[in-house]
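> The structure's right below; bear with me while I get my questions together.
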Amino acid sequence: MNRANQDGAASFLEEDYPTGPRLAIVVLALVLSIFLVSLDMCFYINLPIGGLSALIIMFFFRTPPQGKPAVASWIEKLLQMDFVGVALVMGAIIAYILALQYGGQTHPWKSGVVVGLIVGFVLITIAFAVWEYSQDDRAMLAPGLIRDRHIWTSSALALLLAGPYFLAIYYLPIYFQSIDGTSPTTSGIRNLPLILTITIATISSGAFISMTGIAAPIIPIGAAIATLAAGLLYTLDIGSSSSKWIGYQVLGGVGWGLSLQIPIIIGQATSSPGTLSSVTAIILFFQTIGGAFFVSAGQSAFVNIMLDVLPTDAPGVNPFQLLATGATEVRATFPTDQLNGNLSAYMSGIKGAFAVGMGGVGIAFVVSLLQRWDRLSREELKESGGAA
């Protein structure tokens, strides 16, 4: 897509909002999430908030000068939407997710269906890369931007840091509900150490970057801490004390909080005003698919490992019945003599999922060493909307 013709849809990401209101919003959301156990209550609270937000944007939002699109014909605008690129990337993601969903569960890994999906994912990804290269400035992921060392390293880090984080957020509640027998609400409360710590660490790292201009060196520090935390989460077991799962989450919150937002800060600070929204969109794209890729890989590891150890841990249990039961109903569905074996199999699967996250954030540490460790100037940070 032509970078000079971008509209202001992503410009809100570049604004510098005060730290206090943002922290208040996060804390309020956490408190509300504890008490909103009904979907109806969530709907009734979201409806007026969303409606008010829409009215405020409608009447008060003004597109900044740098966000106003240049004049272009309808044909040019359609060409810049890159429908083919969108279709290819969606096809690749679907093939990847289906391959992991089918493999070892409904189809053997060597089956034609799974192998075909994996080969299809690779071929569609190659076709997507070739198409994007041929489209140049009209591409969804413009080659001219991706070739920039700041951009491709930031994109890779966004994927490798966000994916394991989403994986931890996804599987910690499963651990609490299945292994410790907690309710969904209680498992959410037990996630607060991670959520609160990552919020504080994110604000702290942003403030530090705004004051010093030092950003890239923080990422390997955060990635190393997050890797250690992911490894410690892997050691969680049946009967682990609260001091362990609280401490491990706090450590993970520090690691991810320090590093998770920095790729987008670097991408924005090193971009020109005309490409800023495009760079933001590219990095957010990789951050989003990182979550999809890692959660799918973690789910595949979880299910396959659990199915592999179940005949040994719980010989009399139907594996598909255990899969269909769900984490919250494991203790209520199966008799006492089968419970220990089921929990052991569940724990093995959860460890497999945590291992996927540990590998991803470990690779992020290596990639972080490839970044340019340039100090960001105050002018660059100001133009990008600030770091804190």
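These residue numbers are counts, starting from 1, taken along the chain as shown.
Cβ atoms are placed via backbone N, Cα and C, with glycine included.
Got these off TrEMBL a minute ago, pasting:
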- 20-37: transmembrane segment (TRANSMEM)
- 44-61: transmembrane segment (TRANSMEM)
- 81-100: transmembrane segment (TRANSMEM)
- 112-131: transmembrane segment (TRANSMEM)
- 151-172: transmembrane segment (TRANSMEM)
- 215-234: transmembrane segment (TRANSMEM)
- 246-266: transmembrane segment (TRANSMEM)
- 278-297: transmembrane segment (TRANSMEM)
- 352-370: transmembrane segment (TRANSMEM)
> The transmembrane segment (81-100) vs the transmembrane segment (215-234): three or more C-beta pairs under 8 Å (separation of 6 or more)?
no
> Going through 44-61, 151-172, 278-297 one by one, which has the most CB pairs that fall under 8 Å from the transmembrane segment (246-266)?
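Per the Cβ under 8 Å count, 151-172.
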> Do the transmembrane segment (278-297) and the transmembrane segment (112-131) share at least 3 Cβ pairs closer than 8 Å, excluding pairs fewer than 6 residues apart in sequence?
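The answer is no, given that the two segments have fewer than 3 Cβ pairs within the 8 Å cut-off.
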> Which bits of the chain, at least 6 residues beyond where the transmembrane segment (215-234) starts or stops, bring a Cβ under 8 A of a Cβ in it?
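That would be 157, 161, 164-165, 168, 172, 201, 205, 208-209, 244, 247-249, 251-252, 254-260, 262-263, 265-266, 269, 351, 354-355, 357-358, 361-362, 364-365, 368-369, 371-374, 376, 387.
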